[in-house]
Amino acid sequence: MFRYIVRRLLQMVLTFFGATFLVYALMFANQDDPYQALVGERPLSEAQRAALDAKYHFDDPFLTQYWHYVKGLLTGDFGISLTNRSINDMLAEAWPVTIKLALLAVLISAAIAVSAGVFAGIRRGGIFDHATLAVALVMLALPLVALAPLAQVIFGVKLGWFPVTVTRDAGLYDLLLPALLLGTVVFATELRVTRSSVADNMRADYVRTAKAKGLATKRVIGVHVLRNSLIPVITLIGVDIGALMSGAIIVEGVFNIPGVGYQLFKGIRLEDGPLVVSFVSVLVIVFLVINLIVDLLYAALDPRIRYE
Amino acid sequence: MSDLNAVTTAEAPGPAANRPRHGSSPAKPRSLAGDAWLDLRSSKIFWISAALVAVILLMAVWPSLFTSAGPRDCVLANKHAAATSGAPFGYDFQGCNVYAKTIYGARDSLIVGVFATLIAGVVGLLAGLAAGYYGGWLDAVLSRFVDVMLGVPFLLAAIVLAKRLSSDPQSNGIVAVTLTLGLLGWTTSARVMRSAVISAKGQDYVAAARMLGAGAARQMFRHILPNSAGPFLVVLTILLGVNIASEATLSFLGVGLKGDAISWGLAIAEAGPSVRTAAGPLVWPSVFLAVTVLAFIMLGDAVRDAFDPKLR
């Protein structure tokens with residue numbers, strides 16, 4: 001177990017430096033003139049150049065610039081966007097909205113997917129099983145960038161059940177439609193994994209033993225099967241976070257929800273390099289850390305799993 | 001567009017007539033592909049998705065068959081005008097014919113999807129073959145590299161890479177998006193290829209070929225590849241649908257197609273702000289995009305079921 005943790009940490013460090021280096025190199029390396037990229041068409045005096053150097057370290061060699069950037073990331077100082085706002089402040093404002101949206105999405109989709117998956121897994125091959133698998137395939141295939149605007153038109157504009165755009169201090173109900181849409185990106189995998197793991201466990205010896213002891217079906221499924229079947233579903237959280245981040249950029253863009261994805265969406269449109277790099281880096285770090293925690297949790301939860 | 005045909009129908013080769021039918025002569029061995037084709041022929045989902053794909057292909061190759069209006073015949077006086085017989089979907093905020101624009105949007109989407117999938121397929125094939133066949137340090141390096149790539153959320157990586165590649169303001173972004181999706185999309189296919197190669201490598205026929213003096217390249221391409229290509233081709237079919245969705249997503253975000261390219265993702269982004277005034281320009285590209293991606297992914301799913309009956 002200890003060796004596994006060490007190896008997993010080393011792998012995360014490798015991914016962190018690989019990903020941040022690539023992001024940084026792609027965004028900032030080989031810029032023709034980084035000063036003009038910042039100030040636009042206006043002429044630039046020597047004093048202004050020196051001031052920009054002090055702020056953005058343009059005069060340093062590339063690796064030193066990268067080091068400044070990593071140091072900023074690790075100490076939680078993300079610098080200033082091109083619109084001259086502190087990126088830390090923007091992140092602090094945006095995170096609560098996104099976390100609220102993502103939690104709501106995960107809770108709703110997990111509740112539906114897990115209960116549907118359990119029923120489908122108990123009666124594998126039945127009508128309900130076939131129907132849920134078909135729904136899951138359609139949900140998996142429909143791109144969010146098509147689904148979200150369609151839902152906005154139908155349920156927001158035409159029917160008027162939900163607000164078309166969402167403000168910063170939105171209540172849970174305002175976030176419900178975006179959260180349902182965001183939930184579709186994780187629904188299908190959660191359902192499929194629950195179903196197959198329930199179906200596998202239904203045939204396990206311990207289930208036969210429990211039935212032979214005369215336990216009620218409710219207890220056999222609710223306690224014995226469910227506890228063992230949900231472990232693989234938990235590992236999905238790691239994968240889900242990546243899908244949720246991608247989905248949040250789209251959903252928040254469509255519904256103008258002022259979260260992390262929306263700021264990133266706006267940053268891309270406004271060609272705000274520092275903002276895009278900082279937001280992408282923060283999202284990558286969050287993704288890596290959550291995946292590390294989930295992997296360790298998995299090893300702790302399932303005693304059969306022992307990593308060499 | 002014959003490239004796409006090659007990808008989607010590669011699993012179902014040859015007319016069924018010259019293949020033995022189910023159970024007619026058990027002595028004659030059937031190939032894996034022949035078995036899969038017999039399965040596919042009775043699958044409703046396969047025929048529905050194949051028909052949809054055929055219509056979409058026709059739309060991309062020959063859009064004037066569907067509409068006589070041009071996608072760029074825009075008259076500002078027609079802004080948000082209602083539907084007419086030549087423009088059943090109405091007009092958008094620039095007075096463009098939404099129906100014509102949506103029909104013509106299929107071409108760029110498919111070009112990006114097909115070529116990105118081809119790039120991903122070639123890279124994934126070579127990387128998977130090399131890693132699986134040679135093993136050792138090459139396998140270790142390639143596998144760690146794939147781990148690192150899969151350790152970054154796809155869309156975030158794609159945004160950064162596409163932004164970098166499309167720095168030229170004159171280009172329409174087709175090359176940039178194709179390269180982005182191709183360079184980021186090969187990892188899954190390489191993994192699938194690698195594990196199929198590893199299991200095929202230990203088979204007797206490969207050992208026999210080696211003893212008969214076949215070199216590494218001949219073993220890989222003549223003996224191992226034909227027997228491990230099935231799952232790999234299935235992954236590519238699904239990747240084609242995913243790539244079309246990713247192109248629309250990147251275009252929607254503003255780092256994808258631009259300029260004179262016509263894209264469903266671009267149309268969705270343009271129609272967003274005036275959705276309360278006119279919903280049509282937003283709805284129709286979304287519907288076409290959804291149906292296209294769904295058709296390709298359903299096709300891939302049907303083909304996978306035929307190739308791997310264990311999964312059902």
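The count begins at 1 with the first shown residue.
Using the three backbone atoms N, Cα and C, a Cβ is placed for every residue, glycine included.
What TrEMBL says about this protein:
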{"type": "TRANSMEM", "residues": "A:12-29", "note": "transmembrane segment"}
{"type": "DOMAIN", "residues": "A:95-298", "note": "domain 'ABC transmembrane type-1'"}
{"type": "TRANSMEM", "residues": "A:101-122", "note": "transmembrane segment"}
{"type": "TRANSMEM", "residues": "A:134-155", "note": "transmembrane segment"}
{"type": "TRANSMEM", "residues": "A:175-193", "note": "transmembrane segment"}
{"type": "TRANSMEM", "residues": "A:229-255", "note": "transmembrane segment"}
{"type": "TRANSMEM", "residues": "A:275-301", "note": "transmembrane segment"}
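Looking at A:12-29, A:134-155, A:175-193, A:229-255, A:275-301, the range that has the most CB pairs within less than 8 A of the transmembrane segment (A:101-122) turns out to be A:175-193. Note on the transmembrane segment (A:229-255): residues 98, 101-102, 105-106, 110, 114, 118, 121, 144-145, 148-149, 152, 164-166, 177-178, 181-182, 185-186, 189-190, 193-194, 197-198, 201, 261-262, 264-265, 283, 286-287, 290-291, 294-295, 297-298, 301-302 of its chain, located 6 or more positions outside it, place their CB under 8 angstroms from a CB of the stretch. Using a cut-off of 8 Å between Cβ atoms, the transmembrane segment (A:275-301) and the transmembrane segment (A:134-155) share fewer than three residue pairs, counting only pairs 6 or more apart in sequence.
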